[in-house]
Amino acid sequence: MFTAGPPSHSLLRLPLLQLLLLVVQAVGRGLGRASPAGGPLEDVVIERYHIPRACPREVQMGDFVRYHYNGTFEDGKKFDSSYDRNTLVAIVVGVGRLITGMDRGLMGMCVNERRRLIVPPHLGYGSIGLAGLIPPDATLYFDVVLLDVWNKEDTVQVSTLLRLPHCPRMVQDGDFVRYHYNGTLLDGTSFDTSYGRGGTYDTYVGSGWLIKGMDQGLLGMCPGERRKIIIPPFLAYGEKGYGTVIPPQASLVFHVLLIDVHNPKDTVQLETLELPPGCVRRAGAGDFMRYHYNGSLMDGTLFDSSYSRNHTYNTYIGQGYIIPGMDQGLQGACMGERRRITIPPHLAYGENGTDSIGFLQGSAPLLPFCSGEAQPTPEFGEGGWLWKNRTSISSGPSCAGSLRDKIPGSAVLIFNVHVIDFHNPADVVEIRTLSRPSETCNETTKLGDFVRYHYNCSLLDGTQLFTSHDYGAPQEATLGANKVIEGLDMGLQGMCVGERRQLIVPPHLAHGESGARGVPGSAVLLFEVELVSREDGLPTGYLFVWHEDPPANLFEDMDLNKDGEVPPEEFSTFIKAQVSEGKGRLMPGQDPEKTIGDMFQNQDRNQDGKITVEELKLKSDEDEERVHEEL
């Protein structure tokens with residue numbers, strides 16, 4: 001609508017209206033009609049019967065005006081009307097191109113004001129009149145409505161109606177802008193609107209694509225700002241107008257809402273909103289990250305939020321799975337950091353935008369674009385758009401709908417991101433010793449040891465998951481027996497009793513991509529552990545070991561009543577005696593009765609409820625026999 005090129009068709013230029021032009025020939029001063037007091041009128045009589053509430057400017061000498069009128073005689077007979085010709089009068093006031101009475105009658109008039117003028121003959125066509133149309137000494141009656149006024153010295157008038165507290169950038173020449181507008185003539189007649197087309201008007205500023213006045217009026221504007229821009233005709237469509245909607249010599253009024261602005265040379269803009277203390281590692285290409293985000297357009301319109309799904313967005317960064325701008329914007333972030341990432345369209349969804357929001361050059365979606373039960377509340381603060389009522393993360397369902405069904409073409413995207421955690425597939429368990437006992441530690445935990453320990457487990461954002469203190473007793477485990485996640489098993493090795501450690505366990509050494517009950521998928525886990533006790537473990541496959549050589553006549557010692565067979569009661573009594581005398585030990589961490597029962601079942605080969613001398617064999621002897629059989 002605002003192209004500066006020639007329109008497809010234009011209105012013909014108006015001829016000078018002879019009835020209103022000052023006759024060049026000498027005009028005698030007519031006596032005119034009687035004034036209300038009984039004498040002839042000395043000047044124009046002006047009745048302002050409609051005055052608009054707002055009058056930003058009044059007609060002055062030398063102004064260019066556009067107006068409609070009806071002209072009648074005293075008896076009401078019409079002699080001329082611009083309405084009959086459906087053509088406004090467009091002319092300069094006060095330079096001798098109108099009859100003197102009209103020149104005077106228009107002075108001080110406001111746009112949309114209506115006046116009745118009584119023009120005496122000496123200020124009209126005098127004693128000569130106008131042959132065939134206006135008799136000599138005729139008093140003229142005009143009903144006038146002013147529709148436009150401007151001056152060749154005018155400039156573009158800009159009024160800021162609304163400006164947001166935070167202005168990330170202002171429009172400059174060469175920028176690409178997206179804005180909505182309503183366009184009217186100075187009298188309020190609408191000629192165009194972007195809102196009716198369902199999309200913004202998108203163009204470059206200062207590159208000749210717009211009328212000059214709009215180019216000027218947009219400069220310095222901030223996203224989300226509303227402006228009223230008044231453009232004189234010589235900075236708009238001038239003498240030709242535009243088609244049938246904009247008359248020649250028309251001032252234009254635009255109410256503009258700037259949606260966003262960017263420059264083709266723009267890069268990703270980063271703003272750190274919150275940086276946790278003690279950041280020792282920053283995200284890099286190849287890392288897998290879990291983060292929350294709110295996505296909005298530059299005017300604050302929310303188009304998506306991970307908080308509404310109560311679930312983080314999880315992806316690799318720097319590998320093309322997400323739009324390039326987000327790939328760049330997430331690198332260098334710390335765990336727990338909050339940052340604002342502003343992405344120009346050429347690093348987001350480009351000129352075409354997207355209707356489905358979520359799929360780009362890679363196979364993974366940038367934004368699943370779902371809405372959950374609870375929506376975050378946008379609130380404009382000192383740093384821009386912030387979000388309240390954030391919910392905690394969980395491994396809930398991922399998709400149901402979207403907050404906005406598409407991202408417009410050429411849209412600048414703003415993401416407020418909270419980095420929950422990140423890791424690399426090559427990461428190992430990070431171990432930090434918090435405290436160690438003051439006494440000398442001669443023995444540390446190793447594979448096979450039975451350990452008791454207290455722990456607190458949380459996500460890296462501080463979300464508490466589990467703690468042994470809820471159970472009132474330490475956790476028990478045999479190291480290397482696959483009873484705990486691999487990363488925790490590794491972190492518990494090499495500890496002294498009484499030692500406290502902090503462990504950071506990457507997901508491939510924890511619960512992996514799927515997570516577990518209460519643990520989100522791909523979550524990095526933070527443990528604080530304290531070793532309470534340790535016991536030497538048993539070799540794999542053993543339920544009992546001797547501290548010294550076993551008795552030479554093992555069966556005879558075990559057969560307490562010497563009847564040549566060992567029932568469960570005798571077996572249990574014998575094993576417990578060996579443990580109490582320190583001659584051997586059972587597998588730690590299990591119920592002794594169950595362990596002894598398992599041992600009896602292993603020796604009772606024929607399952608007849610008693611052990612004979614032929615059945616009784618040490619495990620070391622069984623292993624040796626098995627080797628010989630294999631050989």
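Including glycine, each Cβ sits where the backbone N, Cα and C put it.
TrEMBL does not curate its annotations; it predicts them automatically.
Positions annotated as compositional bias 'Basic and acidic residues' by TrEMBL: 605-631.
Here TrEMBL flags 62-150 (among others) as domain 'PPIase FKBP-type'. Regional average pLDDT for the domain 'PPIase FKBP-type' (62-150) in the model is 96.
Among the features that TrEMBL reports, domain 'PPIase FKBP-type' is placed at 174-262 (among others).
Look at TrEMBL and you will find 286-423 (among others) tagged as domain 'PPIase FKBP-type'.
The annotation domain 'PPIase FKBP-type' is assigned in TrEMBL to 448-535 (among others).
Annotation comment: TrEMBL describes 546-581 (among others) as domain 'EF-hand'. Residues of the domain 'EF-hand' (546-581) grouped by DSSP class, helix first, strand second and coil last, total 18 helix, 2 strand, 16 coil.
Here TrEMBL flags 591-626 (among others) as domain 'EF-hand'.
The annotation region 'Disordered' is assigned in TrEMBL to 582-631.
Residues or ranges marked as signal peptide by TrEMBL: 1-26.
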Number of helical, extended and coil residues in the domain 'PPIase FKBP-type' (448-535), per DSSP: 13 helix, 37 strand, 38 coil
